[in-house]
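Engineer: Feature table excerpt (Swiss-Prot):
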- 20, 27, 156: xanthine binding site (BINDING)
- 128, 129, 130, 131, 132: 5-phospho-alpha-D-ribose 1-diphosphate binding site (BINDING)
């Protein structure tokens, strides 16, 4: 996605070999037009996958997931990173390790928003080691539903996540694939 590549190069900051800061358009301030375009790309790639719902993990995946769901005319479900009292314990949960924050959290899904006939598209902002996407897939499959695909805004291709998910049979589609990060340098996969 050329417009995303351009924004990453113009506004993104490689803070280290593993950390890319894109808070000016994706995960602090959000550019709605760019999110809409992302939704179009995800819709076009996954439109023949017979998807019934779009899932994401709070919070930075919400904007691209909403735009994708809107364009596919489907509901969007947010997987919670902490348990909520209003969920009343009728949930699926799995432990996920956050690469960015270096901590574990309980990914939570209310049982009333999934059934065994669902074919789910998971949308997330970043893919590094694949723990978040794999955790989402575990919840979906625990409910008896299927993972139709995994859409990623920015994939860190130099980390193991994308290959690990593909090796497990998931259809992973990334809008931007980063080959290398170093202080001040961002290189895309050719």
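Heads up, the Cβ atoms here are built off N, Cα and C, so glycines get one too.
Describe the structural surroundings of these features, if you would.
Structural biologist: Classification of residue 156 (xanthine binding site) by DSSP places it within a strand. Of all the Cβ atoms in the protein chains shown, 25 others lie within 10 Å of the Cβ of residue 156 (xanthine binding site).
Around residue 131 (5-phospho-alpha-D-ribose 1-diphosphate binding site), the same-chain residues at least 6 positions away in sequence with a Cβ under 8 Å from its Cβ are 96, 97, 98, 99, 161. In the three-state DSSP reading, residue 131 (5-phospho-alpha-D-ribose 1-diphosphate binding site) counts as helix.
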Engineer: What is the set of residues, excluding 20, 27, 156, whose C-beta falls within 8 angstroms of the centroid of the C-beta atoms at the xanthine site?
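Structural biologist: Surrounding the site, in chain order, are 12, 19, 21, 22, 26, 100, 125, 126, 128, 154, 178.
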Engineer: I need the CA-to-CA distance for residue 27 (xanthine binding site) versus residue 130 (5-phospho-alpha-D-ribose 1-diphosphate binding site), whole Å please.
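Structural biologist: The Cα atom of residue 27 (xanthine binding site) is 18 Å away from the Cα atom of residue 130 (5-phospho-alpha-D-ribose 1-diphosphate binding site).
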Engineer: Any same-chain residues 6+ apart from residue 132 (5-phospho-alpha-D-ribose 1-diphosphate binding site) with CB under 8 Å of its CB? Would you list them in sequence order, or say none?
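Structural biologist: Counting only residues 6 or more apart in sequence, the Cβ neighbours of residue 132 (5-phospho-alpha-D-ribose 1-diphosphate binding site) under 8 Å are 57, 96, 98, 107, 124.
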